Amino acid sequence: MICPSASQLSSLALLGFGDCGWGAVLLAGFVNSLLIAIGAYALGFIIGITGAFGKLYGGPVGRDLWASYTTLVRAVPELVLILILYYAVPGLINEMLVSIGHGRIDLPQFVTGIIVLSVVQGAYQTEVLRGAIIAVPQGQIQAARAMGMSPAQVARRVIFPLMTANAVPGLGNQWLNATKDTALLAVIGFAELSKATYLASSATKAFFTFYSASMLLYLIMSLISIYFFGRIEKWARKGQRSSAR
Amino acid sequence: MTKSLLKPHRVVLIFLCVAIIAYCILALNWSWLADPEYQMLIVKGVWWAIWLTALTMGVGMMLALPIGLAQAAGPWYLSWPSRIFCTVIRGTPLLMQIWLIYYGVGSLFPSVPWIRDSSLWPLLRQGWPYAVLALTLSAAGYEAEVMRGAFRSVPHGQLEAAKAMGMPRFAILYRIWMPQALRRALTTIGGDTVLQLKATPLVSTVTIMELYGAIRKIRSDTLIIYEPLLLLAVIYMAMTGVIVMFFRWLERQTPVRLA
């Protein structure tokens, strides 16, 4: 089908799902952004939990290594880190595969994006979780030790339940950062929401329509996330004494 | 300080670190650094990053004070627009904001005849006014949220005492409320200044040759992948260190005793 030139189409037609609309492209980009954000956030959380315990109880060497990781990652712009890792990660993985006698593989951009963003997320989540663990009253941990619990039991029964409420606001911020950081992957050419918007708007010259539309998508995602993290925090604080305000 | 560095495991780690740095210096290809053209690009890029950060953070802070105050104590017709502004700025990626302003606003201007004919047109054809505007608005949005909390955290008794002393409202704001709020927010503002520095590479996507843009040009000219990026990371870390030290110094200069 031949489309009329973009200037003759209304904003709604441009954003629609018809043959001449870019709605499907934008929506696919949005889903890609969301999937990458979820993947990076989950992987970052695993790194963060490991890092937080490592930084607090990891012994002298582990402590220093984790400290250098968080300091380095947080001092370099995300965009630059993403670029460095984008070239370094597939190379490293291939070298590892070759050294164990496996053939080289072509890492999909999607997976590289998740790994790269999770390294950034992990550093910030380490700091959030470390702060949440420190905020658990020392007496609770000592009491658990005195009851004869093993370190794993202390972590599972005392530290995790008590740190959750402290960690939720910070983790919520990090989730918002994860969704916004996916926009940076546009610079390395990954087809997420920003890249889709860029393509759609430069093809049709309807810059305002497309940028407003996709910013609205990001905004809606943020608002929904803020609402849910508020609910989670309320749930996690259940049964705790509320501080006087 | 030296004692904590001399623990056995630290000595080993430092040795490893030095070894890695030595390997990077000796084994990697740094010959491109000798080219005066590239040296100039990098120096100019550092200057861009510094003045972009300082200017946008400074102007953003000036905008953030009234916006934060409006949210903390303003009537609804001031506090609601401020809150919406902060939510939109904080809820959308900075890259999209820069692109919206550069491509969106920038594409409107050529179609307006009186702007095309005005003496400002040569300025508006370049990328940096849009980048500065986007970064300033972003800083204003984030810092307004910080200032909202800081204004709220000043104890009410301080303001009541000032009122009881017969101070006019503006004197209360300038002599009691704002100084205490700013002191409380100083640490956060320092952290956000580092974030602002780390946001500046984004403006290279709208044709500005700042530090990251310069490095990108070097990479595409010389076809060297890692080395320019490593140098870039080191330069940003050094600039981050300077900002952190500056704010530590600033915090020492201001009285600490908070009521």
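Yeah, the Cβs are placed from backbone N, Cα and C, and that goes for glycine too.
Here the transmembrane segment (A:12-30) has long-range neighbours at 1, 3-4, 6, 191-197, 199-200, 203-204, 206, 209-210, 213-214, 217, meaning same-chain residues at least 6 beyond its ends whose C-beta is under 8 angstroms from one of its own. Per TrEMBL, transmembrane segment is recorded for A:12-30 (among others).
Among the features that TrEMBL reports, domain 'ABC transmembrane type-1' is placed at A:30-229.
According to TrEMBL, the transmembrane segment annotation covers A:36-54 (among others). Through the fold, the transmembrane segment (A:36-54) approaches residues 62-63, 65-66, 69-70, 110, 113-126, 128-130, 132-133, 155, 171, 174-175, 178-179, 181-182, 185, 190, 192 of its own chain, all at least 6 residues removed from its boundaries and within a Cβ separation under 8 Å.
Residues or ranges marked as transmembrane segment by TrEMBL: A:208-229 (among others). If one looks beyond the transmembrane segment (A:208-229) by at least 6 residues along the same chain, the residues whose Cβ comes under 8 Å of a Cβ in the stretch are 11, 14-15, 22, 26, 29-30, 34, 168-169, 171-172, 175-176, 179-180, 183, 193-194, 196-197, 200-201.
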